[in-house]
Amino acid sequence: MAIIGCSSDGQMDDAKFSKPMPWIGIYIAAASLACLIAVSADLIHGIRGRKLWFPSKFFCLNATTLAIIAVAVKLSVDLNTPMPHRHDQLSKLSSSAMICTIMANSMPSLGVTENKDTMMNLMAVVILVVTMIVNICIQFVTGVIYVFWVEHALIMLLMLILLMTMTASAISIPKMKHYFELKYKINEEALKESSNEFGEEGNQVVNILRDRLMKIWMMSHTSSPQFMGIVLMCKATQYVSIFLMFWIMTCYDHCKKLKSKVSFSISSVSSEGESKPVPKLDLRRFVLHLEGEEEFVEVMMNHNRDATNHWIQVGEKKQPKLLIELLEKCSFLQGFKGVEAFDSDQVFSLHAQVAPYSWSLPLVTLASIVVALPNINRDSVKKLVNTLNEGLPFVKFVENNMDKGELVKLRTAAEIVWLGVDLYDKWLDVDLHELSLQDKSLKETLEKLADAAKIRYEKSKAKYNHICMTMSPSFWPPRVLACHSMYRICKTALSNHELTTSERLFEAVTVMISDILGACLTNLPRVISNKCWNSAIEEREDTVRHAVYILGKTKKIIEMIEKRVFPRVDFCRGSYIEDWRLMHKQNSFSHFVPSFLENDTHAAPPKSSDFCLNID
């Protein structure tokens, strides 16, 4: 291809300058497609989340999206390129219409960013829209745009309306955030003061938790930054759309209620013993709204209640079946005695100070020992590993929300150990599967694990001696803590003369794991409740949604613990595993267990009105 330039007589051949350039069109089309995909993703996310607007999760105003928008609307701002055909003129009109759609859809994102970033994004949109309007007017005068005059005029009018709405919203949102935050704090304090409901006789923890989460969800949803943005926009540009969606949602609610009535009438005939439907809560006072928006309260209340129940039902469909089956083996009436049994104080410590435990570290260490046991059915071992894969996320959920930073190293050690055990059947660099295949007795296997842990402990301690000598044991390096845990647990198993075979040790370790999980999960109601309070305003809605989902997944577990634990045990003292171990050392459980129940861990507990599980 010849290089275009001036000829010998100084003339320029500009015939190719006016030819079409397909790559520019493809570039613009790709940018438009990216906008369409992001907006469609927001639409799907809004429908799945049962929102009355398109949440700006994938397409919000920021530097990236503004750059893509600028490319997508290039045709509208092109001043001098002749576009004589009608479909060319239509492409200019479509480009102008797209900016209106984008402005409307991205309006809720104004409340998500910080105030400074919001104003910067607004200025960028103002510059872009004003430039588009000026360029379109210039094209009217020069004749580049000669058809669809009326349509262009209407679109420019919509641009100005949306721009004014966006500007007013951006100015108002900081004050609205402050106002809603104050109202949220007032309702939050009122909810916290009502914590005595958990001590009322006949109230189930799950039902109380669900009602409380509905109230918190209502407050979080109606005070979310995106909700603020959509409220302001609805007042000016989408008033009709909201009421259209209201009637659609009303029809949907009526159909859903009719279906539930039919289903309930059929199920009540076949099962009379099922629980009664939960009465509808009056959540009006938890709907945070501005003055003059009282007519929206009922719409918000019905919609958000359905959303809460929806996420509970989603969680119920994904309940951890293997974990629930394992928890059946818990020694509920004996205060989860396996919490103390896995580590004996009679074992000689490798260090003058004994390192504490997190909930997860003894679980993964005991699982490592199970994988290394000889003459054990591999399917049983695999099932236990899969059960821990179901249970550890809930343990992590409890630890993340209750630990104040003191057990970070212990949790890291547990994650490192479990990664190796789950994926490679290795504890650190020790091949557990190969160890189980060796023709060794149970005692030799445990001694080999203990020796391996001691050797690696001494090497790691020598490497990090300055840390181990100056810092508290809970802040030791993760590898040191993992070795310390393995050594003590193996030595405890060796000191128990009743555990002489692999089968007996496997059963004992399974019960220990079950007890540790059960004791840890007694914190679930309190953690689920507290999780909703400890989040920023931008994250609050997602946090509450996740808490509702966790409640649905753990509903059966919470009900099991509530029904089977002995009524007088104070679980408020058991936030950490060391608290439970201390209670066992102080014999806080033994005098509560009737003699005829000492050997029956599955018997139903006696009824009492003294049970109080404080989850605040």
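Backbone N, Cα and C define each Cβ position, glycine as well.
Just so it is clear, the model here is predicted, and its values are computed rather than measured.
The feature transmembrane segment, as given by TrEMBL for the ranges 93-112, 413-432, 473-492, sits at 93-112. In this chain, the transmembrane segment (154-173) lies close to the transmembrane segment (93-112): three or more C-beta pairs between them fall below 8 angstroms, excluding pairs fewer than 6 positions apart.
The transmembrane segment (124-148) makes no contact with the transmembrane segment (24-44), as judged by fewer than three Cβ pairs under 8 Å among residues 6 or more apart in sequence.
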